[in-house]
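Per TrEMBL, active site, proton acceptor is recorded for Asp310. Residues or ranges marked as ATP binding site in TrEMBL: Lys214. Taken from TrEMBL, the feature domain 'RGS' covers 59-170. Among the features that TrEMBL reports, domain 'Protein kinase' is placed at 185-448. If you look up TrEMBL, you'll see 449-514 marked as domain 'AGC-kinase C-terminal'.
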Amino acid sequence: MGGLDNLIANTAYLQARKSTEGDTREMQRRRKSLSLPKPEQCTEVRQALPAEYESICEQQPIGKRFFKEFLETVPEYLVARDFLDEVSNWELAEDNAKSSIMQSLVTNFLKSGSKGYLAFMSSDLASKCQAATEKDYESILQLAKEETKAFLQEKPFQDFQRTPFYDKFLQWKVFERQPVNEKYFYEFRVLGKGGFGEVCAIQVKNTGKMYACKKLDKKRLKKKGGEKMALLEKQILEKVNCPFIVTLAYAYESKSHLCLVMSLMNGGDLKYHIYNVGERGLEMNRIIFYSAQITCGILHLHSIRILYRDMKPENVLLDDNGNCRLSDLGLAVQVKEGKTITQRAGTNGYMAPEILKEENYSYPVDWFAMGCSIYEMVAGRTPFKDFKEKVSKDEVKKRTLEDEVKFEHANFTAETKDICRLFLAKKSEDRLGSRYGLFPMFKKHAFFKTINFHRLEAGLIDPPFVPDPSVVYAKDVADIADFSEIRGIEFDDKDKQFFKKFATGAVPIPWQEEIIETGLFEELNDPNRIATGECEHKLNGHSTTLFSYQDEESGLF
């Protein structure tokens, strides 16, 4: 029956992936019943929400959209918005188009008398703009960008908070804070398992968005003392906002599990692609592309003082389009400024010498693992252990500490050998990336000569490989072992407080992206839209009209 069970599970899962456009009759009925809370029901959120420009107007997608719409209502503010949009276009343009766009920017916004002249510029910058020649254009554009952002943070932002645009944003913030439980989702096949439970595919009932749900068994967590590690992973995921790292969208609890709802990566992991698709190893254009995205992901973690500690191809997942993201931050740790780490952590074959020698270590250990991963993508083996070679952990440790890396595979180019050597330096201080803040060194290395990092980070470069949408890149359901039941574990008040601390609901930025991406934002903002009914929902003691649809199977959700 295992084959039939797997076929049924895969069919349901693939069908759900195809229905993420809100095109099912059930989803349409459910969405028609939704409505936003009334403005007068947002008083508590208005008082509690910090008036932070960067968070509301730049980071949160819904806040950013409403702020841009508000700027259109005031000519001076609209000019500022248009200027920043054009600067963004210039920064992301192909190299051969940058010069002409820069010329237009200066002419249209920075020269006195131009239609889009930035009248709010300081007198010092205005003088520099009038006297500027072509060699000065890049520097004055950067200065103008900084002054424009500073301008928008003052009176325009204050004015915004007194408008219906901001009121609408607050309505969405209340909607965002709705309680989340297992009835909010449909659950599909198991994709894998971790130390504390399974990972399965799920779908948000109201939007059709697919996610992966990491289910942590509460009893297993308590028995193994894993609560602190689980909470740390959750808190680290909440801090991350990078297209090259899996995103945490929701955290909730069921009766038996704590659940982390994250990006669903349908394309499989790089280890699978290295060893199970065609000849061992990957094509060089894929290696360079993935390495650039991984590098950006690691640099983002380091920029917020997070050490990954588990960089390896198995933890790099591909999405539907072929872009990759770092996953499994279970070993990640927050590093205090100026401090180092001593705890041994990582995967054998990817750990840096300083970890193996139990010395103090920091960010360079991630770059050593990066070197191991690039090597593996090329050669179909790790630097210090051959493919399927039976060798002890002590022998791998000895080779890592003592042996020089050999580049015997025919696909190693001169640039690839060089960047691997730089990443795999035995001494951390000699390693590429050893000094934080040297990102230009990565970008300028010949290995990345075909990569425009600005465009890569903006998602403007097409991946060299797109996964087959009809393939499930996961083990058969029957091959994923079930967990045994944990007996004799009871929960006390301390446990219940921990569960409550963990289950915080929707994470603002990913949730807002989901709402916009799936079209629900436009639907609920339509002034002519009439919901099919209303349902009172309690939020922090206040009644809030959020939903109207209810059935026995799904409750409010």
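From the backbone N, Cα and C atoms, a Cβ is placed for every residue, glycine too.
Taking CA atoms as the reference points, Asp310 (active site, proton acceptor) and the residue listed as 'ATP binding site' are 18 Å apart.
Highest Cβ count within 10 Å among the recorded positions Lys214, Asp310: Lys214. Across the range of the domain 'RGS' (59-170), the DSSP-based residue counts are 87 helix, 0 strand, 25 coil.
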